[in-house]
Amino acid sequence: MNLHEYQGKQLFAEYGLPVSKGYAVDSPKEAAEACDKIGGTQWVVKAQVHAGGRGKAGGVKLVRSKDEARAFAQQWLDKRLVTYQTDANGQPVSKILVEACTDIDKELYLGAVVDRASRRIVFMASTEGGVDIEKVAHDTPEKILKATIDPLVGAQPFQARELAFQLGLKGDQVKQFVHIFVGLAQLFQDYDLALLEVNPLVIKTDGNLHCLDAKINIDSNAIYRQPKLRDMADPSQDDPREAHAAKWELNYVALDGNIGCMVNGAGLAMGTMDIVNLHGGAPANFLDVGGGATEERVTEAFKIILSDSNVAAVLVNIFGGIVRCDMIAEGIIGAVREVGVKVPVVVRLEGNNADLGAKMLSESGLNIIGANSLTDAAIQVVKAAEGK
């Protein structure tokens, strides 16, 4: 689950971290009023969406009058912002963040992520702030500085000082960086975060450090124990298919291809996508129905897959372990009939009662193509998607 920038900065402020004075507004009138509350002669207005690249897409602007702030809000509220991180439909804008203008001398990067290899929280810092950090890591990995947090003792000031010196900070800047580093580490731990970024962390013209942006991603497996963050969720930013899948405890991720995939087990699902790619196909989604592939869940899975107009064929790849393949076949037949599937469906069943399940599918009279192996299934679904 992601938070908006204004929500992330609210959390930063609670931990005493330096952020700009600002207000999240949902009307042009409130945008103008926010300028009065903040004071000054220049403000920054930012469209609030769960995506990067807002500035290049026109979603961030420096304004010099209340009328400009009002006009920006009028332009973007209830519209969709398309950036390089969104699909062609973009993300809906329901709030605008109006902030005091910050005079910047230099931009840095500071972020933290759960590193699965070390099973630790790892902080990353760089002198290359305000740009895509993934590109920096790819092109100039030596510019990424790291500090690994020991979960038994937490973030230590000496780690922050080491990073600060490598970033070229001096005097009071080092003390300020230690404060920000330790505060962010505590925030990361307290709220079960998966990722946190301040990009950019800026040095202002007066020499002080300032958190100019806030990106926060919460571990979805820990949301149940973070009611405060759960209440911050903005469903309008979620893919409606992924939201539908979550209600049925289906793991679904939309992709750009035209072959729908329904598989039980995340590892098998990834392997299925790989072999479809190997044979020239492009998966339209990742969908793991889990161990409880009941007729009801299979029906909902079909509905979700077919809600994507790009889907030209569907591959169902099920391994019957605890759940028998004949029961799965029953569910597939019932789902295809209920949903009224118009595209070819290729089914590969393996495991418990696989032969009986395959027989039921072949005798169903439906447009279901049986496959005798995963390779055969991939070849057949690619041909079906191409209309061959």
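The backbone N, Cα and C atoms fix where each Cβ goes, and this holds for glycine too.
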Just to be sure I read the record right: Gly321, Ile322, Val323 are listed as binding substrate in Swiss-Prot. Which of Asn258, Asn264, Asn372 is listed for the same site? Asn264
A 10 Å Cα radius around Val323 (substrate binding site) captures, of the binding-site residues Lys46, Arg54, Thr102, Glu107, Asp213, exactly none
Diameter of the ATP binding set by C-alpha atoms, the set being Lys46, Gly53, Arg54, Gly55, Glu99, Thr102, Glu107, in angstrom: 19
By the DSSP assignment reduced to helix, strand and coil, which category contains Ile322 (substrate binding site)? coil
Using DSSP reduced to three states, classify Lys46 (ATP binding site) as helix, strand or coil. strand
One residue among the binding-site residues Ile322, Val323 has the fewest other C-beta atoms within 10 A of its C-beta, namely Ile322
Expressed in angstrom and rounded to a whole number, the substrate site built from Asn264, Gly321, Ile322, Val323 spans a maximum Cα-Cα distance of 12
